[in-house]
Amino acid sequence: MLEKFCNSTFWNSSFLDSPEADLPLCFEQTVLVWIPLGYLWLLAPWQLLHVYKSRTKRSSTTKLYLAKQVFVGFLLILAAIELALVLTEDSGQATVPAVRYTNPSLYLGTWLLVLLIQYSRQWCVQKNSWFLSLFWILSILCGTFQFQTLIRTLLQGDNSNLAYSCLFFISYGFQILILIFSAFSENNESSNNPSSIASFLSSITYSWYDSIILKGYKRPLTLEDVWEVDEEMKTKTLVSKFETHMKRELQKARRALQRRQEKSSQQNSGARLPGLNKNQSQSQDALVLEDVEKKKKKSGTKKDVPKSWLMKALFKTFYMVLLKSFLLKLVNDIFTFVSPQLLKLLISFASDRDTYLWIGYLCAILLFTAALIQSFCLQCYFQLCFKLGVKVRTAIMASVYKKALTLSNLARKEYTVGETVNLMSVDAQKLMDVTNFMHMLWSSVLQIVLSIFFLWRELGPSVLAGVGVMVLVIPINAILSTKSKTIQVKNMKNKDKRLKIMNEILSGIKILKYFAWEPSFRDQVQNLRKKELKNLLAFSQLQCVVIFVFQLTPVLVSVVTFSVYVLVDSNNILDAQKAFTSITLFNILRFPLSMLPMMISSMLQASVSTERLEKYLGGDDLDTSAIRHDCNFDKAMQFSEASFTWEHDSEATVRDVNLDIMAGQLVAVIGPVGSGKSSLISAMLGEMENVHGHITIKGTTAYVPQQSWIQNGTIKDNILFGTEFNEKRYQQVLEACALLPDLEMLPGGDLAEIGEKGINLSGGQKQRISLARATYQNLDIYLLDDPLSAVDAHVGKHIFNKVLGPNGLLKGKTRLLVTHSMHFLPQVDEIVVLGNGTIVEKGSYSALLAKKGEFAKNLKTFLRHTGPEEEATVHDGSEEEDDDYGLISSVEEIPEDAASITMRRENSFRRTLSRSSRSNGRHLKSLRNSLKTRNVNSLKEDEELVKGQKLIKKEFIETGKVKFSIYLEYLQAIGLFSIFFIILAFVMNSVAFIGSNLWLSAWTSDSKIFNSTDYPASQRDMRVGVYGALGLAQGIFVFIAHFWSAFGFVHASNILHKQLLNNILRAPMRFFDTTPTGRIVNRFAGDISTVDDTLPQSLRSWITCFLGIISTLVMICMATPVFTIIVIPLGIIYVSVQMFYVSTSRQLRRLDSVTRSPIYSHFSETVSGLPVIRAFEHQQRFLKHNEVRIDTNQKCVFSWITSNRWLAIRLELVGNLTVFFSALMMVIYRDTLSGDTVGFVLSNALNITQTLNWLVRMTSEIETNIVAVERITEYTKVENEAPWVTDKRPPPDWPSKGKIQFNNYQVRYRPELDLVLRGITCDIGSMEKIGVVGRTGAGKSSLTNCLFRILEAAGGQIIIDGVDIASIGLHDLREKLTIIPQDPILFSGSLRMNLDPFNNYSDEEIWKALELAHLKSFVASLQLGLSHEVTEAGGNLSIGQRQLLCLGRALLRKSKILVLDEATAAVDLETDNLIQTTIQNEFAHCTVITIAHRLHTIMDSDKVMVLDNGKIIECGSPEELLQIPGPFYFMAKEAGIENVNSTKF
């Protein structure tokens, strides 16, 4: 039929059976024309429908678009001309075949359709159509056959169809031009990402990414260089899609759970399921409280959670991406098995000299084409999968964050902040990782089945022997993996312990330096590190066995298979076709067999993460239904029979509260510890579980928590808290909250970076910023949970007057104030006394006193136990009937000019205190003006900060290539001798690899010499034996290389860790002041972990890949020396691609790390401050911040993923060209090459693509991971403090007297800063008791630090008992002094270790010290006594007990000099008295220097030293100084000590 249609032969095999084969013209004009046209017409409706549904606006007409339309217009004209020519010919005598009418007519319709599609896509602002690009490629490929046929015809002198041929050539040229234009992208200024407008060819080759690669090569990339992600990748878009499915699937899972529970309940004879309450949502069963074990014992059951819904939700969200990637992977897998078949044809071609040459060329072209299609499909598949992984991670991270904002307290109690952060980081990452390779599950099975099928065709049943070996290896690997996992778990525990100690060391480094305890703690860390390295070595040695088995498996498989094949039947002779085709198939089989168990393991790990995420995301939300907001309510707040609890099964914490609070009232809530004061506020915020009753609130709420929550940012940002800046209001708030003097001190003022959790601020400063934040918001109701607890009494008074009180900024607002301060109660409108969660009393101050109930009783007790500062203000009511009056006056009476006192006490105590009111007024005015200027010119101010004024130094991030010296340093740590033997073993492995391939080639050549009947058994056995021996040699040399390297790498890890630890412990204190602890811990955690695990693996892989590529190229060049000419340009391309990629990839990895940390920090910060965020209703703002952070990280991750694809496609092209040119050489030189040589060369060439790719990745990995060594080295070069011990040592009994002399002593914190002590000169006699006082920043603590040489002298000297302390070792000095610091820092370990880490004292001495420290009875009551374990930072002891333990340390050391650095500032009155009494008795014969916080603690001193601005401005006995109206006199007066002359303490 088609022959009539064409009027010529449609098909005849004889056309191909000739040296110059060709296809029949009819076939070319029908089938090869209709294939591309059919593709276009079939898919065009779908394409146009997609365009029709698109809502994108029309774009402007571009030159590129016009050019393509014009060229298609020319094609249309050419088709019309051809049709006209046909009609002209047909009018003559000759009969024109139907095909000559049909084709131009079809083309006319097709070009019109193309014009329509191009126009519609331009109208929709779509990128160039991949659909049209594929059509042009298909049309050009199909047209190639007709093109060469017409050329041949013309060359043969047949010009009968000259006009038609010319039209075809012109049309063909225009199609090529259109395809070239299609490779370019339309300019679209609205797009932030070129990938969204990239053409089809640009997309599959990733050439749109060239500009980033070029930029990254020229200079280090910055965040601004990296493009934003598409809208479809944005967090907001992904979460919106995912949440829709998540809610639906979660509801289904909850209903299914409810049905199961109901069914179970019915089966249990209607027994009620514990934990299930009709008033609760079913997801409540997902909750497990902290005391779950106790409740399990009670109920004997475990609560269920909705399960198996997360994966369904993810699948429904991203199923289209999964479908696309599935199709691409399927095509890739099919084409994987094309290469071995083409290899077989090429070997056959080389073996048979009679085969036509064109068959060889066709096979070479098909081999290249198959490899190219495989590469494009594989890289597109990976791009889709990795993008999907990022999308899944983003959706999970954003959902976990959003859930954290709504999760109930009951559900939240299960998770620490760290565990919740882990859900975002670790669990989301595991789901991302498994998503990247999830198709490998079915793909591995498919590849295994197809491999065995094709192997069976080559070798028959013999293949089962090889497969059997592979199957046997799987359980061996499983056993080895299990053992490896056990070692890893053990090692992780050791690592956790080491990092825990390191964290404690760094947190308490000052204590370690004060007590010279560094060696003891260094030894603890080193001992744990030894265990860690021992496990690491054991793990590495086990990995050597794993690698040995892995290396030996393919050799063993091929040896066993080939041996069985030649042994089972004497007719079976191994020829080149069978051997090398089988080797290629075995190489394909290796990958899925190794990947399948890994994938199953990864899936199991991911399932654990899925369960954890399901439990968290399926947890109950906060139920705020009991909190009713009514804007028309007549009261500000009303509690109606309100009872609330923290846990469902526990008793109510707030019970049956009935309370009305009117608008504008100031209500104080008081009561003993545990009475429910904070719980009352939490109930109002909706943070507790409602038992019954409700709370009605009118208006918006602000909340100041007891433990202040500060964000990592500037002070100004913390106060504004996302609201608009109002200069006037802002200044009022700063002054009212007593923050102006603090801002004067802080570098940068209100623009000062205050660090994570307000690390650079005192507790009082943090509390005042927290209060300022609430005050600035100007809301209706203020819930204040003991905001004055962390501030000085006088600062508290100032804040009460200026902010909280009747005349404060918040007057007219409704205020609920929880407080322990009795002084302010007379000024409140109403007092609510709580006891055991209920209201015991309520009423006005005078009314409650008149009742003489619980409140009046507590007030009397308070006044009896108040310190001297308060006692001095008590009205002397001697008569019984004056009791109530005395109570009132004693609380109401306050010192004059509270604002002045506050400012002087906190920051601005000047020598001219006699003119305090006037001077302070002027000072505050100037300070306000300066702050106003600072706010207006904030940017300028920030830029002009004095050098050295930054509190925390920004972490230095290396850019560009890592210096060679870093590599050299690491190699020296491994050991040059070890490196030599490691490389030698790897080289010998490569030699054995080349030898085994050459031997196999020789073995297959036997088939030409011998036939099946006369093949000698001895020859056969020798071939099998030597081949097996060479394979075994490969395994042995790899084992030796890995085994030796294990020792070398562990040795390097040990050296680097030891250097880092020693140097950090010897670093001066200023290093720790300017470097966040987390940054140092990261060196001991992340960087050491990289040096332990990742870097060694990368180095081994790099050496293996490098030698593998060299081996392959050597073998190819040995077979065909002319191939060397091809290797050189390919090598240049390869090296160039590598250089460009590594520079970019390295910086993108750094950017990924830099942008990932803020996500987790922000999340951790959010979880810590949830009640505040929810109270201010700022959830949406924080969600937006989270989205911005995730998107910032996403663009770095996406860019890094794309850089990998950019690299892979180019390397695979180099690899494919290597295979193509190898095949081409085999065809060209087939007369000089045998089939076994061809098989030998091509089977190795087929492996080179993957190895080339892996080598560049390993190069990049090494460059990325060597940064860890760079970072460690940076800290090993930190300047050290003075030597611990020197040759000049003091006498053993030094100091015997305790006499201290300061001679013009000067000191500064850092070289670039001003002096903090300016010429201190004084003599402290033996056994003198010295009190040191002064304002904040006067230099009191600096004086202490100088004694211990924490700060080194900038001038002058300190002499103790005749010895200049600068002339002796630090430990010789510090071991002879004792300090009781302000913060009682303990370390995890036994009580004994905390008292005596060096075991220098006997048990009797320690018990004696504990007795004197008033701790003996407490320690004796403990089950383990001195061995009792102290938790991290002493968390299981009270602050008082911790401070008494510090006293115990001091008592043990029996030093002649004792320093008390505000040691009782943070303890209660009882503990304070205990410490003071013990010091007076036990250190009577010592020199005692007390840095005073409470003046009464130094009133019995021999001398008082008053410091200001780093100088001694007064010095003398307390009695003398109180006679003179000087600084000390005014300080005593401010403290409320009125009768200064007669006061005796």
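Quick reminder: no glycine exception, Cβ is built from N, Cα and C everywhere.
Taken residue by residue with DSSP, Gly676 (ATP 1 binding site) is part of neither helix nor strand, so it is coil. Look at Swiss-Prot and you will find Gly671, Pro672, Val673, Gly674, Ser675, Gly676, Lys677, Ser678 tagged as ATP 1 binding site.
Counting only residues at least six positions away in the same chain, the Cβ atoms of Val1332, Val1333, Gly1334, Ile1491, Leu1507 sit under 8 Å from the Cβ of Lys1340 (ATP 2 binding site). The ATP 2 binding site feature in Swiss-Prot is assigned to Gly1334, Arg1335, Thr1336, Gly1337, Ala1338, Gly1339, Lys1340, Ser1341.
What Swiss-Prot records for 322-605 is domain 'ABC transmembrane type-1 1', and it gives sequence analysis as the kind of evidence.
If you look up Swiss-Prot, you'll see 637-861 marked as domain 'ABC transporter 1', on the strength of sequence analysis. Taken together, the residues in the domain 'ABC transporter 1' (637-861) have a mean pLDDT of 85 on the 0 to 100 scale.
Under the heading domain 'ABC transporter 2', Swiss-Prot lists 1300-1534.
Marked as N-linked glycosylation site by Swiss-Prot: Asn7 (among others). Close to Asn7 (N-linked glycosylation site) in the fold, though at least 6 residues off in sequence, lie Thr95, Pro97, Val99, each with a CB less than 8 Å from its CB.
In sequence order, Pro24 are the residues near Asn12 (N-linked glycosylation site), counting only same-chain partners six or more apart with C-beta under 8 A. According to Swiss-Prot, the feature N-linked glycosylation site maps to Asn12 (among others), an assignment based on sequence analysis.
What Swiss-Prot records for Asn1011 (among others) is N-linked glycosylation site, and it gives sequence analysis as the kind of evidence.
As annotated by Swiss-Prot, phosphoserine applies to Ser281 (among others).
Here Swiss-Prot flags Ser283 (among others) as phosphoserine, drawing on a large-scale study or a structure entry.
The annotation phosphoserine is assigned in Swiss-Prot to Ser878 (among others) on the grounds of a large-scale study or a structure entry.
What Swiss-Prot lists as phosphoserine is Ser926 (among others), and the listing cites a large-scale study or a structure entry.
The annotation phosphoserine is assigned in Swiss-Prot to Ser930 (among others).
The feature phosphoserine is assigned by Swiss-Prot to Ser938 (among others), with a large-scale study or a structure entry given as support.
What Swiss-Prot records for Ser1438 (among others) is phosphoserine.
The region 'Disordered' feature in Swiss-Prot is assigned to 253-284.
Residues 552, 555-556, 558-559, 562-563, 566-567, 570-576, 578-580, 583, 1108, 1111, 1114-1115, 1234-1237, 1239-1240, 1244 of the same chain sit 6 or more residues outside the topological domain 'Extracellular' (993-1033) yet have a Cβ under 8 Å from a Cβ within it.
Using a 10 Å Cα-Cα cut-off from Lys677 (ATP 1 binding site), none of the binding-site residues among Arg1335, Ala1338, Gly1339, Ser1341 qualify. Counting every protein chain shown, the Cβ of Gly1334 (ATP 2 binding site) has 25 other Cβ atoms within 10 Å.
Every protein chain shown contributes to the tally, and the Cβ of Ser675 (ATP 1 binding site) ends up with 19 other Cβ atoms within 10 Å. The number of other CB atoms found within 10 A of the CB of Ser678 (ATP 1 binding site), across every protein chain shown, is 18. Long-range contacts of the topological domain 'Extracellular' (1-27) within the same chain, counting only residues at least 6 positions beyond its ends with a Cβ under 8 Å from a Cβ of the stretch, are 95, 97-99, 102, 145-146, 148-149, 152, 356-358. Taking the binding-site residues Lys677, Arg1335 in turn and counting surrounding C-beta atoms within 10 angstroms, the largest count is reached at Lys677. Each residue contributes its Cα atom, and for Ser1341 (ATP 2 binding site) and Ser675 (ATP 1 binding site) those atoms are 38 Å apart. Here the topological domain 'Extracellular' (148-165) has long-range neighbours at 22-23, 25, 28, 82, 85, 100, meaning same-chain residues at least 6 beyond its ends whose C-beta is under 8 angstroms from one of its own.
For Gly671 (ATP 1 binding site), applying a Cβ distance below 8 Å and a minimum sequence separation of six or more within one chain yields Lys677, Val833, Leu834, Gly835, Val840. Neighbour counts of Cβ atoms within 10 Å were compared across the binding-site residues Pro672, Gly676, Gly1339; the minimum falls on Pro672.
Using a 10 Å radius centred on the Cβ of Ser1341 (ATP 2 binding site) and all shown protein chains, the other Cβ atoms total 19.
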